[in-house]
Ligand SMILES: Nc1ncnc2c1ncn2[C@@H]1O[C@H](COP(=O)(O)OP(=O)(O)OP(=O)(O)O)[C@@H](O)[C@H]1O
Ligand SMILES: [Mg+2]
């Protein structure tokens with residue numbers, strides 16, 4: 001079914017401003033072998049930090065004498081250690097040209113304050129600023145979720161304030177809350193978080209699952225809490241259903 | 001401003017065409033200029049139920065293809081001054097309808113009619129999608145059985161997400177439940193879902209409950225919309241539903257098993 005013609009005038013995009021927290025790697029030397037070794041050590045200390053981490057390569061602190069830097073090779077080293085280069089920061093003509101050749105954006109040299117970060121290990125931070133957990137806001141649904149519909153809350157919780165019909169599917173990386181009858185399927189912790197839970201006001205589900213451990217309606221109906229307000233959580237690899 | 005109503009269900013054979021004919025006729029009876037449009041291309045039968053099958057010259061697809069004007073294709077009802085039918089084509093398949101074409105016809109109808117009643121084909125494919133896409137209000141026809149309720153639920157999801165109103169972020173389509181072929185005796189015996197069960201699952205406003213009735217078959221055989229049989233239970237139930245559609249508060253009737261009276265028991269009552 002093509003709605004393309006009718007919707008031709010509808011805006012396809014919206015531009016939004018944003019302040020992103022981004023890691024900057026300031027290079028003071030162009031020795032790529034040394035960089036490779038040192039990065040290997042860092043990755044060993046904090047493997048979680050180096051997973052497709054967006055990166056700006058700051059080359060404006062490189063000594064004037066070191067002009068032989070191979071940008072593509074530098075990016076390959078970073079890439080190997082889980083750092084994905086978004087842009088470089090530089091003003092020297094040959095570096096700007098190298099970046100252009102790779103279709104890589106060039107940012108002007110920084111004036112803003114930047115503080116050193118220490119991935120993993122001892123984080124030297126001001127005590128009044130604890131680490132912000134990487135949690136996305138809860139997705140809130142206020143209208144019924146009908147058969148054939150699927151709602152996913154990536155990276156966070158899903159909160160549904162209306163009935164969930166048979167044939168509907170709820171998915172969340174975090175917890176799922178349904179303040180109404182849950183008659184469809186609910187899968188919490190779909191990326192494998194075993195601490196995720198499902199809460200519902202009336203358990204009438206076709207399937208519930210936490211981190212891949214599931215129960216189908218046939219099992220659920222035998223539970224004395226069928227039809228009741230319950231929470232469902234995982235202990236070991238057993239799904240527990242308890243009264244709310 | 002014209003109101004575009006779609007009579008839809010997902011499941012087939014639940015009473016969409018019967019209901020479109022009855023409701024369209026009921027609106028015209030109450031003085032509203034109304035057209036009933038048959039979207040069931042290839043399987044047209046709205047014209048049979050309206051009793052105008054022998055006067056079909058041009059149809060919906062002819063108008064979309066520019067082979068006839070809307071004025072040529074609209075069939076005026078014999079009984080009611082302000083009631084018209086736009087028949088579906090029997091010789092084309094459903095691909096003959098395009099979103100652009102349907103949109104143009106609906107826009108043009110909306111200029112002269114107060115109500116445009118769209119009789120949807122079964123299913124959730126193209127034909128059903130086009131019938132509901134331009135709607136302001138939906139009448140979801142459901143029989144009191146699990147599979148029909150499920151299909152209606154599915155259709156409600158599409159109404160809320162795949163309609164013009166949804167895609168343009170306008171106020172959502174107003175959804176109403178019409179429970180048809182309701183048989184209180186079978187509900188009591190547990191062979192059918194009760195009104196409350198269906199209402200609870202679908203969680204939408206109840207427009208009416210139409211009892212299972214011989215009058216429906218009789219009316220469609222005669223080509224007279226059942227709402228014109230004002231002695232029949234189904235006709236009266238449709239009448240109430242039209243009044244509710246127009247904003248009147250009406251109590252729901254025909255929900256309970258009728259106790260047969262003495263004479264009815266002797267001579268066998270009307271079904
Ligand atoms: N209240 C009723 N009591 C008895 N029979 C009914 C009732 N409503 C509809 N029917 C019968 O059910 C059958 C299907 O009705 P109808 O054609 O209106 O359904 P439909 O939903 O339009 O079907 P389709 O999906 O094929 O378009 C017809 O034979 C009709 O007479
Ligand atoms: Mg029909």
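Cβ coordinates are placed from backbone N, Cα and C, and glycine is handled just like the others.
Taken from TrEMBL, the feature domain 'Septum formation inhibitor MinC N-terminal' covers A:13-84. TrEMBL lists A:107-136 with the feature region 'Disordered'. According to TrEMBL, the feature compositional bias 'Basic and acidic residues' maps to A:112-131. Residues annotated as domain 'Septum formation inhibitor MinC C-terminal' in TrEMBL: A:140-241.
Counted with DSSP, the domain 'Septum formation inhibitor MinC C-terminal' (A:140-241) comes out as 6 helix, 50 strand, 46 coil.
For the domain 'Septum formation inhibitor MinC N-terminal' (A:13-84), the mean pLDDT of the prediction comes to 79.
DSSP assignment over the domain 'Septum formation inhibitor MinC N-terminal' (A:13-84) gives 27 helix, 12 strand, 33 coil.
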